[in-house]
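TrEMBL has this to say about the protein:
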TRANSMEM  A:15-43  transmembrane segment
TRANSMEM  A:74-99  transmembrane segment
DOMAIN    A:74-286  domain 'ABC transmembrane type-1'
TRANSMEM  A:111-130  transmembrane segment
TRANSMEM  A:136-155  transmembrane segment
TRANSMEM  A:175-194  transmembrane segment
TRANSMEM  A:206-224  transmembrane segment
TRANSMEM  A:236-255  transmembrane segment
TRANSMEM  A:267-287  transmembrane segment
Amino acid sequence: MATKKNKRIGERSPVLYFILPALILVGLVLIYPIIYAVGISFFNWPLVDESSRGFIGISNYVRIFQDKEFWHALFLQLGFIFIAIPIELIMGFFVALLLNREFKGVNLIRSLLLLPVFVLPVLSGLTWRLMLQPEYGAISFLLNTLGIPQTAWLANPGTAYAAVIIQDIWRMWPFMFMFIYSGLINIPSSLIEAADLDGAKFWDKVIKIIIPLLRPTITTALLLRLIDALRIFSEVFVMTGGGPSNATTLLSLYIHKQAFRYFNVGYASAMGVILIVISLIIANFLVRRNMDSGS
Amino acid sequence: MKKKKLKMYLIIFISIIILIVELFPIAIIIMNSFKKDIDIWSANPFSFKPTLDSYKKVFQRKDVMLGLRNSLIVSILSTSFSLVVGAMASYALSRFKFRYRKALSYSFLISRMIPQISLSIPLFMMFRSLGLTDTLIALIFAHMSFNIPYVIWVLLPFFSSVPIEYEEAALVDGCNRKKVFWKIFIPLVGPGLVVATVFTFMMSWNEFLYALVLTSSNAKTAPVVINGFMGQYAPLWGQLAAAGTIMLIPVFVITLAFQRYLIGGMGGGVKG
């Protein structure tokens, strides 16, 4: 009966009716640009003087390997990822444990904690820039009253890099918190209470019960954060502009600089393609997990 | 028993400290929006007389008003298009059997993760050769490159969880597929639509990179205008803070109002 109905309506045409608009649009603004990017990555393509444009094969990719600035950007990017994300995870985890109980106002605290995650990245970067100004910034002022001398935090390579990381931790640990908290409330409280009765100590409980049960949640959160951290741009761009002297030029900022300041779109695209490949490898794990558990 | 109560007070105390530290930067930006530029540059950052001076200046600035208008147009239109198109695709991907269905779902889902910086270069070149540089149309299309995959990502699990009997009954009753989609599915996936709407809107509202690369003056969105306040020599912090606070109002209203949907949205339909 059902098949007959379906035949009459026609299985094929409704599929197209529903999926074609998305396919066309995604093809236009996503697939075609990716092909385009791969294409120009094989060209010497200066935006300012397009007459000197020419096919150069894989030279741009070879150039990446010899480009000290690229390796520096990659190094900064990896440092950023490996410092910021673990701290965000640990803070999020413990605050989730702390707030996984009921008291007056806990709901309000939980939702207010989330606000930074949704603050405009541009505004976040600029706010930190303001707070770190040596003469009149609020953080500089507070540190000064604690006896730390006034410093131009964002003018010094080391402190500027640290500031960029702290800005990200501030913004994104609540993301980890909320993710882990949502996993935590799905753990039957009887499990945790049973451990309590057994006299299990706090750390035993965390290591033997909570972490194993939360593993899928934590993995998903980490993968999501990893992909996001890999392409961070706006916050850093407005906060430091990549400076001082490239100290905060993360991958996206370096690509942006090559493309829109030096106008080497061919070379910038080659780096962009590599970034796409890395992102897709990580995303592949995430999507597979999702599709497996979905079906 | 007394020890337990003491522990509870300690927990509440720590929670409040964490909250204060966490909200400090937001408080700073709001506080500075009530100061004059000149007062921000001088003296103690915490002492001031509140004034609406910066807000008055911001509301008189043509570029800010244009930026806010552009941000609203781009956010609303790219959200609406992405929702319709994405919901239809999710329906097809969850309900029809056809060749490459799995591969197609996979491609849509994974495409959400493509870094914007990599796309910004080809998009810039494409829109330039089409003569669409510095237009809202270009921005709306550019935003759909992350909004459509996101909508599909969020909605797919919602569509998949609708019991198949619902549509079988409707199809037997003589409804066609289009009617089933609009009359039966759309109401049933309501919560998913809320998540998708809230997040696509916020992603567009907060977006900076495409606006930076694809616009120069007419189509500038508010985040780019705000960044322009940094100026060459003297940053206009007061006006920057005022414009920033205005931009934050919809974000915070949405965040607090749709709190219970946020977790699902942040994961973007990912099952934890």
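Note that Cβ sites are derived from N, Cα and C of the backbone, with glycine treated the same way.
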With contact taken as 3 or more Cβ pairs under 8 angstroms (pairs 6 or more apart in sequence), are the transmembrane segment (A:15-43) and the transmembrane segment (A:136-155) in contact? no
Which residues of the same chain, at least 6 past either end of the transmembrane segment (A:267-287), have a Cβ under 8 Å from a Cβ in it? 34, 37-38, 40-41, 45, 60-61, 63-64, 70, 220, 223-224, 226-227, 230-231, 251-252, 254-256, 258-259
Tally Cβ pairs under 8 Å between the transmembrane segment (A:74-99) and each listed stretch (A:136-155, A:175-194, A:206-224, A:236-255), then give the stretch with the top tally. A:175-194
So, does the transmembrane segment (A:175-194) come close enough to the transmembrane segment (A:206-224) to give 3+ Cβ pairs below 8 Å, pairs being at least 6 apart in sequence? yes
Close approaches to the transmembrane segment (A:236-255) from elsewhere in its chain (Cβ under 8 angstroms; 6 or more beyond its ends): 69-70, 72-74, 76-77, 80, 122, 125-126, 128-129, 154-158, 160-161, 163-164, 167, 230, 268, 271-272, 275
